[in-house]
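A quick write-up on the structure given underneath.
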Amino acid sequence: MAFFKLKFLNTKALCAMCFLIALLLSPTNAQLSPTFYALSCPTLDIIVRTGMRQAISTESRMAASILRLFFHDCFVNGCDASILLADSATFTGEQNAGPNRNSARGYNVIDNIKAQVEKACPGVVSCADILAIAAKEAVVQSGGPTWAVPLGRRDARTASKSAAESDLPSPSSDLATLTRQFVNKGLSADDMTALSGGHTIGLAQCFTFRNRIYNATNIDNNFATTRRANCPASGGDSNLSPLDSTQTRFDNSYFTGLVNNRGLLNSDQELFNGGSQDALVKKYSTNSLAFVGDFAAAMVKMSKISPLTGTNGEIRKNCVVVN
Ligand code: HEM
Ligand SMILES: *[C@@H]1O[C@H](CO)[C@@H](O)[C@H](O)[C@H]1NC(C)=O
């Protein structure tokens, strides 16, 4: 970048050239590709698929947990498996950051799949790519869309608890704040709405939606009453409720819920509360194909947030620790 700045000061014409050349040469701008491991690890897809099948049959919620784990990886310095690095006496990672502590789950599933992949193709496939494929499998195995996963990410040697605390969205945030956080990651408000459809699977703990079900006015009365039964005004913080009416099926009922003021989290209902996303939510609530198409495209976009490529980062041997 210093080199680029120098040229910029010298001649404007050269500047454009330098920028292009820098773009082409910089390893961080190498393109991800769905065929990245076609020759080096041809059995990768089947190993991840089988691992996810086993994990989901053991616990159906695991599909949702892995999808969320990928989102929480990508939003903190890019999709670089930083979230998989465990805390130790000498290392503080992201797993105990507020949005992840006692909430993010599925670490073992990725670690186990990685162990299988290492047996087949030692030292070749990054944990970041395994998580990206596993998230796609989570969606497919829940009845959602599929997509070609861009691959070739490398694993971070660092993690950031503070970035996890600042960059991961809060369920109490309003539409403007949520939108700003997605735009900061190169995603649009529409991408955010499609991606929030990830809440078509999975569960949330009482403390994340208590304020809404007791205090909000933009909530269906029967829905609030039902949810209060398992989420008292005080206590029961970790009691679970489904994020939509079909918690293991990847469908558009999250959006029909929103249209009926049955969003569980405040951040969910913000997408249909008289603002810019109302029309898109309404469309998804009646057009499931539009939702799944946009969701898949937005997942590909999210999966490309600042990847480490080329010689940056490393191929971790064990997802829990740096090499
Ligand atoms: C728009 C901003 C978002 C906010 C504020 C948000 C917040 C939350 C919260 C508070 C929970 C419950 C966590 C708990 O109770 O332990 C949750 C669960 C979940 N989130 Fe999000 N989320 C957002 C976007 C996303 C995106 C983009 C995805 C994926 C594409 C996603 C996927 C999930 C899934 C699948 C679950 C259920 C996890 C499980 O059952 O283990 N979320 N989210
Ligand atoms: C409802 O809102 C009030 C005022 O902000 C707050 O003190 C109270 O804790 C809220 N109730 C619940 C159950 O979250």
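Note: Cβ is positioned from N, Cα and C throughout, glycine not excepted.
Nobody curates TrEMBL annotations by hand; they come from automatic prediction.
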Q. Mind checking which of Cys79, Cys121, Cys127 has the disulfide with Cys319 in TrEMBL?
A. Cys127
Q. Per TrEMBL, what member of Thr200, Thr208, Thr286 joins Asp244, Thr246, Asp251 in binding Ca(2+) 2 at one site?
A. Thr200
(Q) Just confirming the record: what cysteine out of Cys41, Cys74, Cys79 does TrEMBL connect to Cys121 via a disulfide? (A) Cys41
**Q.** Asp73, Val76, Gly78, Asp80, Ser82 bind Ca(2+) 1 per TrEMBL; candidate in Glu59, Glu94 listed for that same site
**A.** Glu94
Q. For the domain 'Plant heme peroxidase family profile' (31-323), what's the model's average pLDDT?
A. 98
**Q.** Of Cys127, Cys206 (the disulfide-bonded residues), the residue whose Cβ has the fewest other Cβ atoms within 10 Å
**A.** Cys206
Q: Anything within 10 Å of Asp73 (Ca(2+) 1 binding site)? Look among the recorded positions Cys41, Thr200, Cys206, Asp244, Thr246, comparing CA atoms, and list what you find.
A: none
Q) From the Cα of Asp251 (Ca(2+) 2 binding site) across to the Cα of Ser82 (Ca(2+) 1 binding site), what is the distance in angstrom? A) 30
